[in-house]
Each structure stands twice: as structure tokens, then as C-alpha cells.
Amino acid sequence: MSLPSSYTALLNDLNRDVARARPADALQFCANWFNSKLEEQRRAHLASNTNFATTNASTPFSHNSVGPSDIVDFGGAAPGLASPTQRASLFHSDPFAPGAGGGALPVASLAVPMDASQSPDSTPAPATPAAPAAPAAPAAPFSSLGGSGSTSISNAAFIPPTFNLGRRTSVSAESMAPSAANAESDGSPLPKTVIPKSEEQMQRIRGSIGNNLLFRNLEQDQYRDVLLAMKEVKVDANVTVIEQGAQGDYFYVVEFGTLDVYVRSPDAVSEGAPSASALLGDKKVSYGPGSSFGELALLYAQPRAATVLSTSACTLWALDRITFRSILMETNSRRRALYEKFLMDVPLFERLSAAERAKISDSLELREYSRGEAVISQGERGSEFFIIVEGDAEVRKTKQGGEEVVGKLSRGDYFGELALLNNAPRAATVAAAGATDDARLRVVTMSERAFTRLLGPLAGILERHAKETYGDEYSAVHANANADAATSVNSAALARSGADTSFPHPMDSSAKPGEGAWSAPNPFA
């Protein structure tokens, strides 16, 4: 006995979405997926209902009203989206496919039924107290979309998305957190979204977003991931790319074509049956190749402030909010874990709690240096601490009028940690090194002022741990001894390189190897 074709098609769609999303909870994902399909079916049924179509005929920007031929609608997020790494299943269909613009109405556009005599902003009269009654049965999940209930949306007026635009609203964002459950079975992260682009296209996108505040301070790897994740969207002439008052999900960069921007006054909808030009509003500006718009949609789901209408065939590059935020969050999560691992290897920080190390890692600032450029110079006052994230560095010391290389540093090594205790002069010069001229040194840095602002004076933290370990009478002595035992340059890295480590300690310029602060033991070792 053969299975119905609709059943087979439904299972194929489910298998496709499961393969894309790779849900941690397959049962919950399937339940949400079928509920979403059921809701789409009910909504499509209502859209074809005669009463609903008649009521909706006078609504501006509806699927059967006058105006632009199509309205771009990317749809909602896929059900069961457990984390941003599952963004591949966020959108179910191509919004620019033929016929996509005039499809089913979005859920957010379905208005709540209300009495004909009640305006959207009016306050209902208080209800007359009634005798206690038995608890009401739970409402059916799709009762508001039609059925046997006493109220039906097919009998209510359809309210345009701009009816409540002037009222104060709350701004919120999706809750997102990187989860190990969304990684591959071997523990590696899910593959990134990469859409091929030519170098010329990459350059045009860089030029369009280079001065945008959202992208200006992105790190190099984040910036590259954002560019690669943008997808190409082709739009015909006279298509509404974004509509004023609709929820925004996408940021666009114009590669080819022209678009006009219109802004409609809040009371334009209530002025009888306006023309198509009145519904669009006043033309404010035109966009051409290299322009960008919709960047606020990358931050939160806020209604669009204007309508953008294509005046010719256009090629756009689109980036959705979930992809953008997940790129930033996944990158920041990996970087934070890397920084915390580095901090655990620094003797001054080994007794900090996990929460304290997390605060420090979040405040570290990334810097880059070209080959031969000095990071710190011998003799200058130190106020910052450095950890090498990528690249190599040389430790140089001036001896008898000449500069000599006394050590080499690489990924994970640190230097300048005593700057968090005092502003003693630097004991050596640390400069970027590399095998090629284009080699780069990437370090993260933290100032003594930032450390004190987050955790308080480092000397106080050392004294606290000494007190916990040795008691009150030894706290100050051991805290000072621990501070004296630290070196301004990572001596472990110098020992590995076989370099001479006998330059004076920065806290005591008169000390010699084996004497004074240089040989002070570490009480926390």
C-alpha cells in the first residue's frame, strides 16, 4: 500500500529541516515543527476565506491592496531553534522566489479582535464583578485563528502594522547562548555560513560597511565571517524590499540597481482611502550601488522606520540578525575561553576565581603590531599587561651601548604583569618578530586602571589569598614575597629559548641574580 504524496512530502520537509538544524532535542523540534505547519495551514485557510478577504480589502499594504507589486517577507524563525549555530533552518523558503511576496500574512500582522466601538488606544470600561465560576478550560492553541470559538479573527477588522507605531514599546533581543550540544559529534564547532563571492564583490561590500558603527570595531576574523555570510538577493523593479512598520530582520548592501526611500506620516492610514503614493509617503532619499540600509535590524526586532522600494532591477547582499549576532557571540565565546586559559598560566592570576578571570578576559583589548614594531620599550613606565595571542616577539635588552636579543616569546606567553602592581620601569624591550615582512603580532592587553576597576588592587587580592592560606600573621609578608617573585618578562619562555635571564628585576634595579627579590620564593607554588 503506497503512502499519500502529501504525507511523503511532509516527511521529506521534516527530514530536510532536521538535517539543517541538527537539534539537541529531536522530539521537541518535531513537535514545534508540526505545530508550525498546522498554524501555516490554518492561516492559509483564513487568507482564502471570503469574509477575511473582504474585510482585508481596504487595508493598506495587504496582499490584495493597491501599491507595490510585492512585499519582501523573510518569514519567521524556525521552530525549535536551540542556538544561533542552527541558523541554517531559520528561514523556510526563498523570500524572493516567484510569488513569495504575495503569500500568507505574517503572524505579527494578525490583529486581536476588538469591539467595533473601541479604538486601538481606548481603555475598556471595568467589568461588573461576577460570581465565582468554575475554572475555564484551556483554550485551543489555534482558536484565535478560527474554529468553533465565540470570537474569530475572520470577523474582526485587520489592523495595519503601523496602527500602534507612535506608542512606547519595549525593545528586547533573542536569548542566545553558545552550547556544546550544537557541536559536531567529535566536539568541533558547526561549519560557518560561507557564500562564495568574488574579490571585487568583497571589496564593494567592505566599502559599503566600512564606516558603519556596527562593523567598525569588529575584529578581523569576525569581519571576514560577516562578509562571507551575506547572501545575494535579486529584486525586480517596483518591489517593496522593506515596509514601514513591519518587523525588520535583514540588513542590506546594494551592489547593483537603485531604490527609493519613503516615509509615511503616522496618520496617513486613517485618512480614508488614500492613493498608492500617499500610502508610500514622502520620498526622502535614493540608494544606489555601495549604499546600505536596515542596520538596526541586526540589533533587535524593531519596526521599520521607512519603506524602501526598488526602482530598477537590483542585486542586494543581505545579512540577517541571527547570523550576525551568532557570529559575534560564537567568536567572543571562543576568544573568552582562550583568554581564560592563558590567564590560568600567569602566576599572578592562578589564584583568582573563575568569575574573576572571566571579568579580566572580557576586558582584554586586542592590538596588532607589524614586524619590528616595539610593544614596550626598556626604561619606560609600565602600566599595561600583555598576552601574546598570535605571532612571535623578541625580548631585547640594552647592554654596553648595544641592543641584544635575550629571549623570544610566542603564543600564550605574557609580559609586563608587574605593571598591575606598580608603575616600575620596563626591564627590557619587547618587539614584534616574524619570518616574513608581513608577519603580524597580535596581543591582548589590560591596564592597571582597568584591573583595579574590575577587581580592586592586585596586591589586595594577593594578600587575601595569603590570608586564606597562611593566616592573618603571614598575609602581608607572603603577599609581598609573591609580588617580588614575579618577573616583568615571562622567564619560562626565556628559559625555553636558552637566553640569558640575568637582567635586573624591574622592582629592584640594584638586585643581581640569586640576590634579593630575584630569588624570593613563591609562597603559592
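Every residue gets a Cβ built from N, Cα and C, even glycine.
Swiss-Prot lists 28-213 with the feature region 'Dimerization and phosphorylation', giving sequence analysis as the kind of evidence. The region 'Disordered' annotation in Swiss-Prot covers 114-146, 170-196, 497-525. Among the features that Swiss-Prot reports, compositional bias 'Low complexity' is placed at 124-146. Sequence annotations record features per position, and here Swiss-Prot assigns phosphoserine to Ser170 based on similarity to another entry. Here Swiss-Prot flags 214-345 as nucleoside 3',5'-cyclic phosphate 1 binding site. Residues annotated as 3',5'-cyclic AMP 1 binding site in Swiss-Prot, with similarity to another entry given as evidence: Glu295, Arg304. Per Swiss-Prot, nucleoside 3',5'-cyclic phosphate 2 binding site is recorded for 348-472. The feature 3',5'-cyclic AMP 2 binding site is assigned by Swiss-Prot to Glu417, with similarity to another entry given as support.
Swiss-Prot feature annotations superimposed on the structure.
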residue	record	contacts (Cβ under 8 Å, 6+ apart)
Leu214	nucleoside 3',5'-cyclic phosphate 1 binding site	Glu295, Leu298, Leu299
Gly248	nucleoside 3',5'-cyclic phosphate 1 binding site	Ile242, Gly294, Leu296, Ala297, Ala301, Gln302, Pro303, Arg304
Ser265	nucleoside 3',5'-cyclic phosphate 1 binding site	Gly281
Asp282	nucleoside 3',5'-cyclic phosphate 1 binding site	Tyr262, Val263, Arg264
Leu316	nucleoside 3',5'-cyclic phosphate 1 binding site	Glu232, Val233, Lys234, Val235, Val241, Tyr252, Val253, Val254, Glu255, Gly257
Leu364	nucleoside 3',5'-cyclic phosphate 2 binding site	Tyr339, Ile387, Val444, Thr445, Met446
Arg396	nucleoside 3',5'-cyclic phosphate 2 binding site	Gln378, Glu403, Glu404, Val405, Val406, Ala428, Thr429, Val430, Ala431
Gly412	nucleoside 3',5'-cyclic phosphate 2 binding site	Phe342, Asp345, Ile387, Ile388
Among the binding-site residues listed here, Leu299, Leu348, Ala428, Val444, whose Cβ has the fewest other Cβ atoms inside 10 Å?
Leu299
Binding-site residues listed as Lys231, Arg304, least Cβ neighbours within 10 Å:
Lys231
Residue pair Glu417 (3',5'-cyclic AMP 2 binding site), Gly460 (nucleoside 3',5'-cyclic phosphate 2 binding site) - Cα distance, angstrom, rounded:
15
How many whole Å apart are the CA atoms of Ser333 (nucleoside 3',5'-cyclic phosphate 1 binding site) and Gly460 (nucleoside 3',5'-cyclic phosphate 2 binding site)?
29
Residue pair Lys231 (nucleoside 3',5'-cyclic phosphate 1 binding site), Gly460 (nucleoside 3',5'-cyclic phosphate 2 binding site) - Cα distance, angstrom, rounded:
52
Secondary-structure category, per DSSP, in which Lys231 (nucleoside 3',5'-cyclic phosphate 1 binding site) falls:
strand
Let me check the 10 A CB neighbour count of Ser333 (nucleoside 3',5'-cyclic phosphate 1 binding site). How many other CB atoms are there?
14
Just to be sure I understand the packing, how many Cβ atoms besides its own are within 10 Å of the Cβ of Glu417 (3',5'-cyclic AMP 2 binding site)?
23
Within 10 angstroms of the C-beta of Glu295 (3',5'-cyclic AMP 1 binding site), what count of other C-beta atoms is obtained when all protein chains are considered?
18
